[in-house]
There are 4 protein chains.
Amino acid sequence: MSKLRVAVIGRAGRMGSEACRAVEAADDMELVAALGRGDELRTLADSGAQVAVELTHPDSVMENVEFCITHGIHAVVGTTGWTDERLARVRGLLADAPGTGVLIAPNFGIGAVLTMRFAQQAARFFESVEIVELHHPNKVDAPSGTAVRTAQLVAEARREAGRGDQPDATITALEGARGADVDGIPVHAVRLRGLIAHQEVLFGDEGETLTIRHDSMNRASFMPGVLLGVRRVVDTPGLTFGLEHFMDLG
Amino acid sequence: MSKLRVAVIGRAGRMGSEACRAVEAADDMELVAALGRGDELRTLADSGAQVAVELTHPDSVMENVEFCITHGIHAVVGTTGWTDERLARVRGLLADAPGTGVLIAPNFGIGAVLTMRFAQQAARFFESVEIVELHHPNKVDAPSGTAVRTAQLVAEARREAGRGDQPDATITALEGARGADVDGIPVHAVRLRGLIAHQEVLFGDEGETLTIRHDSMNRASFMPGVLLGVRRVVDTPGLTFGLEHFMDLG
Amino acid sequence: MSKLRVAVIGRAGRMGSEACRAVEAADDMELVAALGRGDELRTLADSGAQVAVELTHPDSVMENVEFCITHGIHAVVGTTGWTDERLARVRGLLADAPGTGVLIAPNFGIGAVLTMRFAQQAARFFESVEIVELHHPNKVDAPSGTAVRTAQLVAEARREAGRGDQPDATITALEGARGADVDGIPVHAVRLRGLIAHQEVLFGDEGETLTIRHDSMNRASFMPGVLLGVRRVVDTPGLTFGLEHFMDLG
Amino acid sequence: MSKLRVAVIGRAGRMGSEACRAVEAADDMELVAALGRGDELRTLADSGAQVAVELTHPDSVMENVEFCITHGIHAVVGTTGWTDERLARVRGLLADAPGTGVLIAPNFGIGAVLTMRFAQQAARFFESVEIVELHHPNKVDAPSGTAVRTAQLVAEARREAGRGDQPDATITALEGARGADVDGIPVHAVRLRGLIAHQEVLFGDEGETLTIRHDSMNRASFMPGVLLGVRRVVDTPGLTFGLEHFMDLG
C-alpha cells in the first residue's frame, strides 16, 4: 500500500514540530514537506502532498488554506481564529473544488473531544451537573476555554430536554464558593503547581453520580487526533468543523 | 393530559416497592395495581393498566410477561434469567400482538448504562484500558457482573477496531497484582467497608487519560431508568433488550 | 472484664439514637440509661453511668455537663455552640473534680479529623493548595464548615512555615471561577444530587500532587469516634477539646 | 547570611543533574563542586563543601560516604542498596566524627513520604484498607516498590493496634481480581499508557472512606526533598534513615 503524502505548514511551532515527528513515525504516512515562516507555498504543490497539516497563525491560515484548496490538497487545520465569515469563505472555495476536503478542529485532543461528547449525551439524564477544571498556576484565564465550551454544550442539551434549573438550596455563601455560572452550569477552576490540564464533569441524580474526567499531560496527546484527521479528510470532501465528525460517535 | 396507567408486579420486593413509590411520585403516571405473590394476574387486566413493571423472579417472569402480551399490556421487565430460548418465546408471542411493546433490561441504572456505552465508544481510541470496580465487603463475587460486562464490551470494540494487545512490560509480579483478565482487559476488584457500588473505566494513550466513573449509592438510582422505560415502551412495539435503546445515544 | 457503663443524653435525636445503637453494639460497653427531653438528670446518677454521651442542644448542654461533672460522671459531648466563656466555665467546674474528664468534639468523624490533621501536616511542604468540597444540593451554606475550618488550619500552617502567597497567574476570570478565598486558600463548593458529604484537599508542587479525600456517607460514620471518645475520656481527667487529642497522631 | 556550600557526586546521572540544577536555583545554597565518574574525591575536600549530595551507584556509594565522613562533610544520600551491614559500617564511621551528619533516604519524594506516613497513621482507625497503584506500561515490576512498602507499614500499624483480618465475603472470584496480598493488604497494579507514577491508599469504615492519593509527574518532584535534606543534615549529627525524620511529622 502506498503511503499518504503529508506536508506540515508551521514546522517550527510547538504543535507543528510535534506534527512533523508524528507524521514521520506513522507507518501509513510520509512527510513530503515541512514549511516554516518564509517558505514559499509553491513547495507544497511541488512536494506532491495529498494532505497539508496547517498549524500556523490566524494571520496566515486563510492564505494557506486557500492555496491548498485551489491546488487540490486536502487540509487539516488546527490554527484558531475562525469566524462565520472566514468559514463561509472556505465553503465558497470548496464549492469549486468538489473532491477536496478541509477539516478545521478547535481541539485535536481525542480525550477532550470524547469528554465533551459524552457530557453532551449524559446531560439530559441527570438533575445536577457541575464542572471542575484543574490546571497549572501559570494559566491566565479561568475557567479554561474547554470547560466553558463543555458547559455550553451541556446547558444546550439540558434545554433541549426541557430540564429547568438545577437544585441548589444555598442561602449563605462566601463569594465565589459556588463557582462561575456558565449558562446555568457551575464551573470551578483549580490552579495548582504540579498539575497540567485536567477536567471533570460531574453528573448527579437520586442515588448515583457519573463523572467523566480527562487528564492531558502534554502536546503529544494531540497527535493521534491530527493523524486521524489526515486519514479521514482524504475521503471527506467539503468542510468539516470539529474532529468529532471523524470519530463515528453515532 | 391523561396519566399513564401503570401496574407493578412484585410489589413486596426491594425493587418492586421502590417502583411503586416512584410511579406514585411521577406526575405523568398513575399506579393502578400492585401485585404481590399469590395475587391473580386477572387483577392486572381489570385495573386497566397500560404498562406493567415486572420485578419478580426468573421462575414467574415468563408467565407474567405472557399474560401482559396476550392482554395487550406493555411490559417493562427487570427480572433476570433470560436465555436465547426465553427471548425467542417472547418474540413469538409479540408477533401475534403487533401493537404491544416489551422492554427487558438487565440494568435500569442510567449511570451504569451510560458508563458501558461511553466505554464502548471510547475503546477504539486508546492504547490502554483497565477497569477498577469498588464495592462493600459483603459482596460475594469479584469482579462485579457490571465490570465483567463492561470489559467484554470494551474488548469487542477493540477487536472491531483492529487493536491488538495492550502494552504491558511487567516481568516480575506478585500473584494477582495485575488483576483478573477478562477478555484481555485487566479488571481489579476493591472491597472496602463504607463503599457501596462504584466502577472506574480508565483509558490511556500517549500523554492523556480518560476516566469514566460511576458511583451508585442505592436502589433509588434505578427508578429514573424504570420510569424512562415505562414512558417509551408504549410507543415501541416488539421486543427491546437493554435500556440503552430508549436513551437516544446515537 | 467488666463493661463500661454508658448513658446517652438526647436519645431521640438523630445522633443520639445512633449513639444508643452503637453503645449497645459495642462489646466493651453497656447502655445503662438513655435520656430524652423531660427525663430527670437524676436518672443518670441512679443508673451508675461512668460516662455520659451528650448529644442534645446548645440550650441544654451546659446544665447536663455541669450535672455530670458534679456527679463524677465523665462526659463525651457532641453538642455545638461552645464559646470561650462556656469552655472557661467547664474548666472551672473540672478544677473541683480532679478525676473527671470531659471531651468536647465539634466533629466525631474520624475521617474528617484525620483529613484536617493530615492537611495541616502537609501544608508547609507544598507551594499550592486548594479545597474542593462536594455535598447534596439541600445544603444551605457554602462552603461547608469543615472546609472552612480545614482551610484555616492549612493557612495557619503555611504562615508558621513562612510560606507566602500561592502562585496564580490568572488575569481574566469569570466571577466565582477561582472559588471563595478563605484566609488565602481557594475553596470550591460543588452541590450535586446523589452526593452526601465529601471533601478533597489538593496539594501541589513542582512535579507532584497529593490529594486527601474524605467521603462521608451517613451518621453511622460518627459512631467509631464517639466510642473512641468514651473509651479514652475515663483515663483523661480535665477538659479535652477535639477528638484528635485522643487519636495519638503525634 | 552566607550560603550553604554544597557538592553533588554523580552529576551526570538523571537524579544528579537535576540536583545540580536545584542547588544552583536555591537562594540559600551554592554549588561548589559537581563530580562525575573519574573525578577525584579530593576535589570535594578542596571545594570547601559543607554538604555532599550522593547520587551514584551501590558500587561506589560506600567509598564516597566514607570520604565525606572522614573529611567532616555532611552527606545526603539517595543511592540505594543499603543492607544492615552497610548501615552499621556508616554508624561506625560516624562514631568517630561526632559533628557530622548523614541522611540516607530511599525516597526523596515529599508526597510519597507523606503518603506513607499518613497511611501508617490512619491504618488503625479503619476496618478496611486497599492500595491501588497506577503506572506507565513500561514498568517491569508489579506492584511498585512504594506500594509494597506502604502496604507493609499499614499492615504493621494494624497489627500493633490489634486489628484482625479485613472483612471480605468474596466466594467466587476470577483469578487476580482481588489483587496481590501484601502482608494481608490487597494491592492492585494498573498499567496504562499516559500515566506516570500514582498511588491511592483507600481506607474504609462504616459510612465513610478516606483516600490518600499521590501523583508524581517527574524527577523534579524529588528535588524539594533533596534540598530539605541538605538544609537539615548540617544540624543533625549521626545517621538518619528516611527523609520523614526531617519533616517534623510528630
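Glycine is treated like the rest: Cβ placed from N, Cα and C.
As given in TrEMBL:
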- A:H135: active site, proton donor/acceptor (ACT_SITE)
- A:K139: active site, proton donor (ACT_SITE)
- A:G10, A:R11, A:A12, A:G13, A:R14, A:M15, A:G78, A:T79, A:T80, A:A105, A:P106, A:N107, A:F108: NAD(+) binding site (BINDING)
- A:H136, A:G145, A:T146: (S)-2,3,4,5-tetrahydrodipicolinate binding site (BINDING)
- A:5-108: domain 'Dihydrodipicolinate reductase N-terminal' (DOMAIN)
- A:111-246: domain 'Dihydrodipicolinate reductase C-terminal' (DOMAIN)
| query | Which ones in the same chain are close to A:P106 (NAD(+) binding site), with CB under 8 Å and 6+ residues apart in sequence? | reply | A:T80, A:W82, A:R149, A:G242
| note | Smallest Cα-Cα separation from A:G78 (NAD(+) binding site) among the recorded positions A:H135, A:H136, A:K139, A:G145 is shown by A:G145
| task | Express the distance between the Cα positions of A:F108 (NAD(+) binding site) and A:T146 ((S)-2,3,4,5-tetrahydrodipicolinate binding site) as a whole number of Å. | result | 12
| Cβ-centroid neighbours of (S)-2,3,4,5-tetrahydrodipicolinate site A:H136, A:G145, A:T146, 8 Å, sequence order | A:E133, A:H135, A:K139, A:D141, A:P143, A:S144, A:A147, A:A197, A:Q199
| said: Rounded to a whole angstrom, what is the C-alpha distance between A:G10 (NAD(+) binding site) and A:K139 (active site, proton donor)? | reply: 24
| Count of other CB atoms lying within 10 Å of the CB belonging to A:T146 ((S)-2,3,4,5-tetrahydrodipicolinate binding site) | 22
| task | Work out the three-state DSSP category of A:T146 ((S)-2,3,4,5-tetrahydrodipicolinate binding site). | result | helix
| task | Tell me, if you would, which residue among A:H135, A:K139 (active-site residues) has the fewest other CB atoms within 10 Å in the structure shown? | result | A:K139
| Alpha-carbon spacing, A:A12 (NAD(+) binding site) to A:H136 ((S)-2,3,4,5-tetrahydrodipicolinate binding site), which is rounded to whole Å | 25
| remark: Neighbouring CB atoms within 10 angstroms of the CB of A:T80 (NAD(+) binding site), all protein chains considered, total 13
| Three states by DSSP: which one describes A:R14 (NAD(+) binding site)? | helix
| Model confidence over the domain 'Dihydrodipicolinate reductase N-terminal' (A:5-108) (mean pLDDT, whole number) | 96
| task | Mind giving me a neighbour count for A:A12 (NAD(+) binding site)? Other Cβ atoms within 10 Å of its Cβ, every protein chain shown. | result | 13
| field | Sites among the recorded positions A:G78, A:P106, A:K139, A:T146 close to chain C [C-beta, under 8 Å] | value | A:K139
